[in-house]
Amino acid sequence: MSLGIVVNVSRQSAIDLARRLARWLDERKVDYVFESLSAEKTGSHRSAPIEELNTQCDAFISLGGDGTLLFTSQHSVTKPVIGVNVGRLGFLAEFSPEEMLPAVERFLNGDYSIHTRSQLEAGLLTNGSPEHFRALNDVVIEKGTYPRIPAFIIKLDGELLSSYRADGIIIATSTGSTAYSMSAGGPIIAPKSSVVVITPICPHMLTVRPIVISDEKSIEVSVDAPDGAFPLNCDGHLRKMLAPQEVVTIKKSSQSINLVANSSRDYCEVLRTKLLWGREA
């Protein structure tokens, strides 16, 4: 068994936790390798580029917040990911720092279960060549620095859904429904639901609402504007600047993410705890 470790190097607490984990693994003679920057910051000689970890490791450990886990998920493909929350919110990273070592020990002993989360794939043609980007949470197309309100044209399986005059459009998985989409007024969706939600950002339309659709649908998005360049973001990372009328096709990815589950917590508890439900202001 070999473990790939990815650390949020901007947090000293995550770096300290990674060093503690490395000592623990060394004592048990468990093979591991750090992502290159994580190795540099923790002082480890066990290092590999993030792009190579998936071929070298059997599982991943993400030490940080949900952002670190999203970064890890871009490279983990179907390998199990143990998410340790050293961030603030931690919807995806299931384990606290105190739970880390027992969780890793159970995993090494084969005593664990998996939460499989579906992903989105955004595809487009650039100079005749296809490009594809994956997202666990969401794909966002926004107006960026464009000075006016563009129209975002959305089609479902080739049929026109609507033209949205807005600052942008969020296409989120059920996993991503508690992220940017929720902040923009989208619904919270149970993570195993086979749906995606389309949420407009600050629409200049009184009657527009987020819409939940089957994740088997193919979603086409283009921007109707005379000029400008429009950011395409996947899980918060800029992937491309889109030209007006350029079409992005978003659909369910054939690759899913396998998160190691924390058996001591359930989804309803997470919602109550993270969103402060049931507490007086």
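Here the Cβ of each residue, glycine as well, is placed from N, Cα and C on the backbone.
Straight from Swiss-Prot, the features:
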- ASP66: active site, proton acceptor (ACT_SITE)
- ASP66, GLY67, ASN137, ASP138, ARG148, ARG165, ASP167, THR178, ALA179, TYR180, SER181, MET182, SER183: NAD(+) binding site (BINDING)
Which of ASP66, ASP167, the listed recorded positions, has fewest other Cβ atoms within 10 Å: ASP167
Nearest-integer angstrom distance between the alpha carbons (Cα) of ASN137 (NAD(+) binding site) and the residue listed as 'active site, proton acceptor': 10
Alpha-carbon distance [ASP66 (active site, proton acceptor); ARG148 (NAD(+) binding site)] in Å: 33
Sparsest-packed of the listed binding-site residues (ASN137, SER183) - C-beta count within 10 angstroms: SER183
Integer Cα-Cα distance in angstrom, SER183 (NAD(+) binding site) to the residue listed as 'active site, proton acceptor': 16
Surrounding CB atoms that lie within 10 Å of the CB of ARG148 (NAD(+) binding site), all protein chains: 10
Cα distance (Å, whole number) from ASP167 (NAD(+) binding site) to the residue listed as 'active site, proton acceptor': 25
For NAD(+): widest Cα to Cα gap among ASP66, GLY67, ASN137, ASP138, ARG148, ARG165, ASP167, THR178, ALA179, TYR180, SER181, MET182, SER183 in Å: 33
